[in-house]
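Undergrad: Below: one structure in structure tokens.
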């Protein structure tokens with residue numbers, strides 16, 4: 001019979017794979033931003049919240065805070081690099097006011113994280129106390145990360161369009177929350193359970209909204225240039241623009 005530790009490690013590895021997929025799921029969105037040289041109606045909130053979440057979970061997984069948390073440490077280290085890249089791209093192509101708001105949020109996150117690290121290492125001298133303090137913060141910011149798509153979910157309901165809520169991101173968000181909830185329940189860890197249970201619920205709501213509003217999402221058209229057909233009496237030519245649905 002498989003022991004609880006082995007089962008937890010297996011689920012944790014699966015969770016790492018799904019989390020990696022979650023971190024990569026916005027790639028099509030950022031490829032679209034790169035090609036358009038514009039962030040359009042996409043919101044930076046999920047990426048800023050995820051960066052803060054990864055910072056805290058990375059700190060939580062360090063041996064000086066919560067020993068034997070290698071799986072938590074590795075995936076959040078990877079997440080830091082990926083989310084940092086997304087935020088850099090967003091800042092490059094965002095409007096000036098959005099760019100300054102993002103930089104302000106990043107400055108606050110950096111200052112807050114520095115204060116947390118200093119406070120925990122100086123003020124808490126056991127793994128239990130450090131795990132509790134950082135774990136509570138992880139619960140708070142993990143919940144914020146999973147709740148951050150609420151802004152875009154509100155937009156979906158108002159516009160009856162899922163254009164700016166990618167399906168793959170919603171699906172992986174749901175699967176990620178579900179897997180890590182299972183991981184936390186095998187050998188109960190309340191700090192991992194709460195935010196990921198919320199993530200499962202919010203991910204499910206996103207999927208329901210996606211399927212409900214998918215058909216009402218307007219299809220974007222694009223202009224295609226076609227040459228004018230010449231007749232034997234015609235001496236000039238031009239281009240005719242027609243709209244073709246994707």
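Our numbering is plain: 1 for the first residue shown, then up by one each step along the chain.
Every residue, even glycine, has its Cβ placed from backbone N, Cα and C.
Here TrEMBL flags 6-25, 46-65, 71-95, 102-126, 132-152, 164-186, 192-213 as transmembrane segment.
Could you tell me the structural context for the features on the list?
TA: Cβ atoms under 8 Å from those of the transmembrane segment (46-65) belong to residues 23, 26, 71-74, 76-77, 79-80, 83-84, 86-87, 90, 102, 105-106, 109, 112-113, 116-117, 120-121, 127, 130-131, 134-135, 137-138, 141-142, 144-145, 148-149, 152, 191 of the same chain, restricted to positions at least 6 beyond its ends.
Distant neighbours of the transmembrane segment (71-95): 9, 12-13, 15-16, 19-20, 23-24, 26, 30, 33-34, 36-39, 42, 44, 47-48, 50-51, 54-55, 57-58, 60-62, 102-103, 106, 192; these residues of the same chain sit at least 6 beyond its ends, with a Cβ under 8 Å from one of its Cβ atoms.
Cβ atoms under 8 Å from those of the transmembrane segment (102-126) belong to residues 44, 48, 51-52, 55-56, 59, 64-65, 87, 90-91, 94, 133-134, 137 of the same chain, restricted to positions at least 6 beyond its ends.
When Cβ-Cβ distances below 8 Å are used as the criterion, the transmembrane segment (132-152) is approached by residues 43, 45-46, 48-50, 52-53, 56-57, 59-60, 65-66, 116, 119-120, 124, 164-165, 170, 173, 177, 190-192, 194-196, 198-199, 202-203, 206 of the same chain, each at least six residues removed from its ends.
Nonlocal intrachain contacts for the transmembrane segment (192-213), taken as residues 6+ away from its ends with a CB within less than 8 angstroms of a stretch CB, comprise 72, 138-139, 141-143, 145-147, 149-150, 153, 156-157, 160-162, 165, 167, 170-171, 173-178, 180-181, 183-185.
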